[in-house]
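Below you'll find the structure, written out as structure tokens, and then a few comments.
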Amino acid sequence: MSEIIVVTSGKGGVGKTTVTANLGLGLAKLNKKVVVVDTDIGLRNLDVVLGLENRIVYNLIDVIEGSCRMKQALIRDKQCDNLCLLPSAQTRDKTAITPEQMIKLTDDLSEEFDYILLDCPAGIEQGFKNAIAGANRAIVVTTPEVSAIRDADRIIGLLQANEMPRVQLIINRLRMDMIRRGEMMSVEDVTEILAVELLGAIPDDEAVVIATNQGEPLCGQDSMSGQAFLNICRRIAGEDVPFLNFQAKQGVFKRLSGIFKK
Amino acid sequence: MIHFRNKRSGHVAKDRLKLLLVSERLDCSPQMMTMLQNDMIRAVSRYFTVQEQKVEIRYLKDTTTVLAKIPLKADIQESYPGF
């Protein structure tokens, strides 16, 4: 059975779309057949992060309403043939679809793909309810900030209330230098507060901004965040990748910051 | 209540979040949480001298348990009677 994973956060701007794009690419690079679905109807963004905005002909709503076949709406990624995008509609709103239609859509997709990643809109309204309806696993993205963590806690509560079988946490935009100074909550602090299984942590890295500017996710590339994303993908795929690399990451960070200080 | 002076902001954030999330998870306002905390301090203070600044209330989702950590003053010399 394929895994249907919803990437959610509650708060906007914490990196859901970037995480979805990178995890999609990473899993595809691990030879899995992956589709990333943008469920943010009216505010689509996953297409630009993947650099596929010029190739959109049909969208999610067209598929749901039967205006086109699934194959016509799916867009193959530039970097990896195993990865497809199902873009969202820009001219409609969240009420255009129902949770039942989402379940049907994810069921149809699961015939063809190993992993279905759903990029959830911010908030806890209709869009969120639609996105989680078909999922059998949830990844909550947060940053080490009070506002993001508070919203993540609310989302985790809602996911548990909806009997989501598995809820895991990704902590994004960690700044090791600030954590060392005690001016930012650490991975351990956030995991302790939210009390859910940790899937991985991503350092705050300008390579992510550059990759998004270029529309080419960096998962697996030779940067700290690229490696962090790939590790998360391997964990999703069931590999036992140790969290030890946080320490190593700190080491690299230290060395890097050392170089720049000179 | 808890005072944040001389503390790194990371710590401050963690402490603030802990209290806030307990109140939200229990669907109980922060004011009520503070009242609960003060009531507990008052109750325990009748018998022991409490280190009020270090009192911590947590809520464990998995076992639906409220956990209160109420450290006492060990040094009798420094201690003062309750309320």
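For all residues, glycine too, the Cβ spot is worked out from N, Cα and C.
Feature annotations, courtesy of TrEMBL:
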DOMAIN    A:3-156  domain 'AAA'
BINDING   A:LYS11, A:GLY12, A:GLY13, A:VAL14, A:GLY15, A:LYS16, A:THR17, A:THR18  ATP binding site
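Taking Cβ-Cβ distances under 8 Å and a sequence gap of 6 or more within the same chain, the neighbours of A:LYS11 (ATP binding site) are A:ALA122, A:THR142, A:SER147, A:ALA148, A:ASP151, A:ALA152.
Within 8 A of the CB centroid of the ATP site residues A:LYS11, A:GLY12, A:GLY13, A:VAL14, A:GLY15, A:LYS16, A:THR17, A:THR18, the other residues of that chain are A:SER9, A:VAL19, A:ALA122, A:VAL141, A:ASN172. Cβ packing within 10 Å was compared across the binding-site residues A:GLY12, A:GLY13, A:GLY15, and the lowest neighbour count falls to A:GLY13. Annotation for A:THR18 (ATP binding site): same-chain Cβ neighbours under 8 Å, separated by at least 6 residues, are A:VAL49, A:ASN172, A:VAL208, A:THR212, A:PRO217. Around A:LYS16 (ATP binding site), the C-beta neighbours below 8 angstroms that are at least 6 residues distant in the chain are A:VAL7, A:THR8, A:SER9, A:ASP119, A:CYS120, A:ALA122, A:VAL141. If you draw a 10 Å sphere around the CB of A:VAL14 (ATP binding site), it holds 25 other CB atoms from the protein chains shown.
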